[in-house]
């Protein structure tokens, strides 16, 4: 009888101890959540005006919504949940990250990235899209911390731009190009694509280093021209397909046409500061040209991936007859571009520190 009493007593004490532990951790979790909520509330809901921040952080025709500089890193992370003029830029590409990761797993179940060599260019392109969205979201979320961080963030952003242009062309030449075009130019095309990606990163970083606010028009030309050449070269296989095919009868071609139109529309909004040019201060938080450009880039990536997948389904018998792409060629070309871009960013970051004495 005493053993039964002892067992019951031990079980009661264990139950009480477990319940106490659970209650303790729930209380701690509640206090942390409450503290985070209070700190979010303490942040300025409507941040600073353009005349309250250094000129480096200002944008043409944007009057409000700037965040304070020289704040803790947590301030900028928490600004993800607040209304400012970068909120939409960050969230549009955070959603892009999540959707591209979803597509990676979704298409892996259909293409088997780890065993099907003909699917490796597709996997590489998805990886470059994910990296591009990560670089962009990171840059727009944290660039307001200081002059040093601002310059560094956008140098990193140009790595994403370079990689995405390369990944797009790699995707289009392998799955969407007419067979005669693919056979004629495959490896040369990828090599030129790699060079154009490096040049796009270099010239964008150079413009960021050489020109300062208020930026002259030549800065945008220096940045847009190499990106435009890279984009035009990357869609060359699509343009040939669109020119020689009945577009409306093929959903893949409709996606390809949509991605071209969306990119041109987004680039026009961004390049000419539309529509905020005609209503300064009205579209600071939602609807400025950079916001619309980010949304268009996200939609471009969605149309691109689905269109190319449908091309692969349609031409799989032809694609499977080609020589299998080597993993070292697919992954190696991407990593070599990352390495070159990283060297370029490090070089210009050092030049910026040395020239402008930024700590």
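Keep in mind that glycine also has a Cβ here, set from the backbone N, Cα and C atoms.
Annotations in TrEMBL come from automatic prediction, not curation.
Predicted, not measured: the structure shown is a model, and the values here were computed from it.
Under the heading transmembrane segment, TrEMBL lists 88-107 (among others).
Within its own chain, the transmembrane segment (119-142) has Cβ neighbours under 8 Å at 73, 76-77, 79-80, 86, 89-90, 93-94, 96-97, 100-101, 103-104, 107-108, 111-113, 149, 153-154, 156-157, 159-161, 163-164, 166-168, 170-171, 174-175, 294, 298, 301, 305, 308-309, 312, 325, 327, 330-331, 333-334, 338, counting only residues six or more beyond its boundaries. Taken from TrEMBL, the feature transmembrane segment applies to 119-142 (among others).
Taken from TrEMBL, the feature Zn(2+) binding site applies to 140, 290, 294. Around the Cβ of residue 140 (Zn(2+) binding site), the same chain contributes 86, 89, 90, 93, 153, each under 8 angstroms and 6 or more positions distant in sequence.
Marked as transmembrane segment by TrEMBL: 154-175 (among others).
Look at TrEMBL and you will find 187-211 (among others) tagged as transmembrane segment. Same-chain residues lying 6 or more positions outside the transmembrane segment (187-211) and placing a CB less than 8 Å from one of its CB atoms are 151, 154-155, 158-159, 161-163, 165-166, 169-170, 173, 218-219, 222-223, 225-227, 229-230, 233-234, 329, 333, 336-337, 340-341, 344-345, 347-348, 351-352, 355.
Here TrEMBL flags 223-244 (among others) as transmembrane segment.
As annotated by TrEMBL, transmembrane segment applies to 250-272 (among others). If one looks beyond the transmembrane segment (250-272) by at least 6 residues along the same chain, the residues whose Cβ comes under 8 Å of a Cβ in the stretch are 176, 220, 224, 228, 231, 235, 238-239, 241-242, 289-290, 292-297, 299-300, 303-304, 306-308, 310-311, 314.
Per TrEMBL, transmembrane segment is recorded for 326-348 (among others).
Cβ neighbour count for residue 290 (Zn(2+) binding site) (all protein chains, 10 Å cutoff from its Cβ): 20. DSSP assigns residue 294 (Zn(2+) binding site) to a helical segment in the three-state reduction. Taking the centroid of the Cβ atoms of 140, 290, 294 as the Zn(2+) site, the other same-chain residues with Cβ within 8 Å of it are 86, 88, 89, 90, 92, 93, 136, 291, 293.
The local packing around residue 294 (Zn(2+) binding site), expressed as other Cβ atoms within 10 Å of its Cβ over all shown chains, amounts to 25.
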